[in-house]
Each structure stands twice: as C-alpha cells, then as structure tokens.
Amino acid sequence: MSAIENFDAHTPMMQQYLKLKAQHPEILLFYRMGDFYELFYDDAKRASQLLDISLTKRGASAGEPIPMAGIPYHAVENYLAKLVNQGESVAICEQIGDPATSKGPVERKVVRIVTPGTISDEALLQERQDNLLAAIWQDSKGFGYATLDISSGRFRLSEPADRETMAAELQRTNPAELLYAEDFAEMSLIEGRRGLRRRPLWEFEIDTARQQLNLQFGTRDLVGFGVENAPRGLCAAGCLLQYAKDTQRTTLPHIRSITMEREQDSIIMDAATRRNLEITQNLAGGAENTLASVLDCTVTPMGSRMLKRWLHMPVRDTRVLLERQQTIGALQDFTAELQPVLRQVGDLERILARLALRTARPRDLARMRHAFQQLPELRALLENVDSAPVQALREKMGEFAELRDLLERAIIDTPPVLVRDGGVIAPGYNEELDEWRALADGATDYLERLEVRERERTGLDTLKVGFNAVHGYYIQISRGQSHLAPINYMRRQTLKNAERYIIPELKEYEDKVLTSKGKALALEKQLYEELFDLLLPHLEALQQSASALAELDVLVNLAERAYTLNYTCPTFIDKPGIRITEGRHPVVEQVLNEPFIANPLNLSPQRRMLIITGPNMGGKSTYMRQTALIALMAYIGSYVPAQKVEIGPIDRIFTRVGAADDLASGRSTFMVEMTETANILHNATEYSLVLMDEIGRGTSTYDGLSLAWACAENLANKIKALTLFATHYFELTQLPEKMEGVANVHLDALEHGDTIAFMHSVQDGAASKSYGLAVAALAGVPKEVIKRARQKLRELESISPNAAATQVDGTQMSLLSVPEETSPAVEALENLDPDSLTPRQALEWIYRLKSLV
C-alpha cells in the first residue's frame, strides 16, 4: 500500500489504522469509528465491489484523498455473511479505549477475525451443514489432512496415501476454508476450491504441532488419542489449531480431543462415486432429489448434520450397525411422541460452541434453557423403550436440573438479541441490579408527576416533559406560550414550533437516572459474563448430551422413515455378496408419479458379475445405483427399500457412471472415464462393489469394445469384485460362456410399430436388441432421419449378419479380430525369385530389404 511509504505524513488516526492494517495485510479490516465500521484504501475498493456499497473519500491524509467505504455497526452481521459466502476473511477492529479520557486517537485493537472456516455466529452458518476448517500437508510418503468444526469442537485427522484418496477426502468433507503450506506440490488438487489460505512452512512443523495439541488437551503425549504415529496428520492438525486460535483470540475449551479416521473403519468412496450416487448433492449442485433429501426428516439441525456425516462415512463395524438397527426397531412405536419434543431441543451443539468461545448471545442461553426443559420429558418417554443402546443414550443426555434452574432465574423469558442494551438478566436474580433498575425505572413516574406539577404551577397547557439521547431531559413549551415561561427555566433547544428548557431539579434527576442506568448496564454485563463462568465447568457433559440428542434424533428419524417408506431391516452375512428381493431406488420411487417396479439382485462369489443390457432409458443406471444406495444405507445402520436384503462385507464402492468433459483440467469425457476406470482396476478388491456403466463408449467401436472386454475380464477373473457391468456392446453377452462367475441380465422393453414401452423389469439373459431407433423416435428425432437410419441399419446388418454373435477367441472374424497388416519387407520377399538374381542383384536386395525393416 503506497500509504505506508510516507507514514509520518499521515494524521494520527490514519497512522493507527495503517499499523493495524500492516498486521493483517491480506484480509479486510473493519475499523470501528463511532457507529460505523470504516474501510480505507484498497480494502474500501474491494469491499465496495464485493458488498455493492458506495465508495467515497474521507478528507485527505499525507496530501492525498483517502478512498473509504463504511457500514453501520448494527448491520455488520449481514455484511459479514455476504463476505464469508464469497470466501473472504475480515478482521474486526473495535474501540477499546474511552473517548472521554483518550488523548489523541481512541485505542483500538483487532478483537476477532472472521474467516469462512472459523465462524460460529448463527447468522453466518448454514444450519443443516457442517462448516469445516481444514489443513492439508504433503511429504514424500503421502498426505496429512485435518478438519475442525469450530462450531461443535469436532477435530479429526487422517493420512490419505495417494492423490485419489486425498481428492475423495476433500470431496467428502468439502471444507469452507483450506490451509496449505507455501511449498505444497499438488496445487492442481486444490485449485479452484473456496477459502484457500497459504501458510508458512514453520506452522506445519511436527514438534510445534505436538506441543500445540498437548497444550490444548492438557496432556503429556498424544498416545491416548491414537494419533501418535500419524506425523503427516499431526503436521496438518498443528497448523489448523494455531490458525483457529489466532482467529478466535480466545481459548477453545470445547476442543478437547482429536480422532484418527482410518480407511479400514469405513466404506471408502472416491470423489466420482460420491458425485454419481448423489448422496447429499445432485449432479446439478443442488440438494433436491438426493439420498439425504429422502432420508433427512430430522427435527434438529445437529441431527441433520450428523446424518449427513453418517451417509458420507458408512461404518464397517457390524457391531455398531446391529446396535443401530436394533435401536431403530425399538424406536418405531415411539417416533410420534419423541419427535415433537426433540424438535424443541434445537441446535444445542452450536450454542455450546458459542458458550465456549464466550460469544453466546442472550437468546442462545434462552434456547439452552428451553433445551434443558425438554430433558425430563424425553427421559420419561425413553424409559419405556426396551433397548440397551437407547438407555445408554438416555443416560448420556443427562438432565442438568441445576443449570436449568440457574438459567430460569437468571435470564428473562424473551431476552433481546444483544446484552449491550441491557434488559437480559431477570428481576430478582441480583439485589443490587434490582436497586439500580428501580432508580432508573422510577424516572417515568417522576417525569409524569413533574409534568402535572409544572403545568398547574405555570398554567401552561402545552407544557410537557420529555427525553432525547442528545439533550437529555427537557421541559417543552409551544412557541405561542414560550414568552410565559418562568424565570428559572433555562433555554436548552429551540425548535420550529416549540422551545425546550431545563431546570436545576430536572438536571439533578437526569444525572442520577443516567448514572443508575449506566451502573445497571455495567452490572448486567458483569453478571452475564459470570453466567459463562458458572456454565463452562459443565461443558464436557453438555457436549456429550448434545451428541446423544443428535444421535437420538437421527435414529428416531430413520425409524420414522423406515415405517413411512416401507423399508426393511437388512441382514449382514460373512461372505461377500448381495442378495436383494424386490429392491427399489430410494430417491426415484419418491419422485415417480407411477408405482416403482421393484427388482431382484443376486451377487455372490459364484455369481460375481452381472452383464446388464437393455435399451437406453430402460432403467439400467437406476438398477445399478439403487444397488449401491441400498448397500450404503445398510452400512449406516438404516433400514432399506426392499422386501429382503442379505449383504456381505464391503470395503469400497466404485462407480463409473456417466461423465462430462473436465474442461478445467483439460480432460475429455473419455479421459475422465479412463481415469476413473484406472482407479477402479488399481484399487478394487473381492470385497468391493463396482458399478461400470457403458465403459468404452467415448472412443471408436473397436477400441471401446476391446477396453470393455478387457476390463470386465480383469474384474471377474483377477479382482473378483462384485460388479454390475452395463453395456451396449452385445459382444460382451458372450462373457458368461467364457468365464465362471459372470451372468447376463437385461431390462425388458416392448416395441410396437414406432413406439416403445419400457417395462423396467430385470430378467435373466441378454437383451434381444438395443431399441436405439425407437428411443430416438421417442426423443423427437425427425421421422425422415429415423426412416433413413432404419435403411442404414438393414444395410449394415446384411453386411455383417453375425456381428452381435461374434466371438473374441479368434475362431471367427469379429469386431475385435483386426486383420494383421503385412509389412513391406514381407511383400517384397514374396515377389522375389532368388534363382534369377546375379550376385550383384542379390547384394542390392539385401540392402533394400534392410531399409524396409
């Protein structure tokens, strides 16, 4: 900033601003001046564009006019929300000195830094979504990744081994802000993400990280958290914790532990799979018609966030899953009674985070009190549920009768938004406060009595007593009667139609009232802070209670969904395989106006791969996706949309379904498809569920069929993964004859003239034809084009009548058996008669043949 070059030439106020700005050069500085936050120089220009506010000039400093933009302090939350949504960070600078006693500029300092990943204010957060701060670190052995939800205290770390796993983690967690080292090598992995923050290398040092974490948790080492042997994850976690402390400018008592997330604990889904299955976000980027939109009827925001975490991290521990299933079954008869009470609990988790940060507002404490008031009724309802896990949750949620009583005594029923204006602490809570308030409130009675007395004494019927913030208390007389004002009335203000006066008695009372109001407000703020001190020792138990209430909300919700949507409880088996009777797609069945056609599925070690054929729009993709979604739902402990389900162990779910050009990375549709396919072939195991849809369609017929055949062969024979393989290459329907564990199924359709009816029913065996022209006609392709296509199809079929049945083992000509090209050297030798050559000609031929090789 050019302003700093001639620092001494600036006014004292601008010098103070420039010093503070130098400490926060890369973020906007909101500089408090009276009732406004001002921004200057480049900050003002940026803010005017980002917030669409006026850019003006403020006088001159160092001989130059100062670009300036300002926002009213009482509307700051709205502007902060806009900036945070655009990925910006803001340093809030407040006046901390007293203007009355300050010589020169009032003392100011930055009291907090608002960044997209460290916000806890209710107005700035998405209610039903986690808001994560993350840090990423990389060395020669892999990645370290840490996430922190400052609005709940949830702190996690992991060590993704490779780029694909790291990309999947970024997709799953979707951080609002991402910290990375200044020498981070894989920039293409994070480019284009919101809230990127470059940090110095020293912030990622392992020794500093261990020290920071031990200090935060009050421990000597990190062995108890199971993260001691995760150096890359710790490097990321250390940087992240330091950043959180720097921005909050306070202790973070609600962050009490850190958890290691291990690959073997959950079903792994890569970024493409999460996108294709539309778990919490559809392919267009919205939230409608997703799995979460069907399953999430939770009644608390914290329950909704927990359910989404479950959906993105299906659990592999069958003990946990069976416990959840049993709980859902036990709660089905109680959902109608429990949900209305749970709804009243609200977002206790985030209220507790604001309590820990000492930023909780009066209404937060009122909501906490309301949550506590629901606990006795909840505990009474749960007492009747015959389930050990439910009783464990009931114990964990506690009752907090003492804290409820404290808040009932301390906070009025409907407190104002902020404590700064007073009127928060309830009457009767503090004797001294009540006395000061009585003095201040007595003003109304006094003024009414004074007005009546003075009116009678002077005989002036227009006389009235009032108050305003600038001039204090006054006696007002109309302009027509002002010449009759008594001699002891001192003029204070002249208005167009009236005169305002002061008398010694009124001035004396004004001083007394203002003093008592000031004393009452100061005491009220002190008592409010003391409430934090009384509540914070219970923080750990309160956080456990919030977690139990959120889990109860999720399980009650899943019980309600299971009953309402006619879901069934899946059975877990020991061997790999999935057997589904009458399976349905959980999302499609909700948006269809007609009944959903349920279909069976049978995958086992003896039937590992299904080759799925049938017309476009016939339901192949729906059938494949519903299988993956049923598996995912089973592995969060939920009931599933089917008549009966048996499911074996699954370690990963892969999808290669649909694709679009990745223009940002310069990759074509086919390149995207092949990258996803390579990932599957490298990482799938016999316990993986693999969905392959139309592999090889993005290139020539020969190349595409070759790739599809080889991929199917590899998955069935070598990897032995549970695979659904949809294709339009009818040659692939020969695979079951050539290898074990492969079977054909098809989706039925009926053709009548130029029309086609999709039956959406899965049958054994291969489809008889593709119905491509019928689908094209249905899509509105002009009739003359369809007619010409039928002619061309007949021509092609007459040229190659056996194309659909061609074999790939070489016994007859096929699409895959490309004739070998004859080399020029061989052709020349075939035309050569060695008996007719002279020695010289023979030598020339040797050189000529050499040149042809």
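All residue numbers here begin at 1 and follow the chain in the order shown.
Here the Cβ of each residue, glycine as well, is placed from N, Cα and C on the backbone.
Annotated features, as they stand in Swiss-Prot:
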{"type": "BINDING", "residues": "Gly614, Pro615, Asn616, Met617, Gly618, Gly619, Lys620, Ser621", "note": "ATP binding site"}
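Apart from the site residues Gly614, Pro615, Asn616, Met617, Gly618, Gly619, Lys620, Ser621, the chain places the Cβ of Leu747, Ala749, Phe758 no farther than 8 Å from the centroid of the site's Cβ atoms, the recorded ATP location. Working note on the binding-site residues Gly614, Pro615, Gly618, Gly619: by count of other C-beta atoms within 10 Å of each C-beta, Gly614 ranks first. Other Cβ atoms within 10 Å of the Cβ of Asn616 (ATP binding site), summed over all protein chains shown, number 18. For the binding-site residues shown (Lys620, Ser621), fewest C-beta neighbours within 10 angstroms: Ser621. Under DSSP, Met617 (ATP binding site) is assigned to coil, being neither helix nor strand in the three-state scheme. The number of other CB atoms found within 10 A of the CB of Met617 (ATP binding site), across every protein chain shown, is 18.
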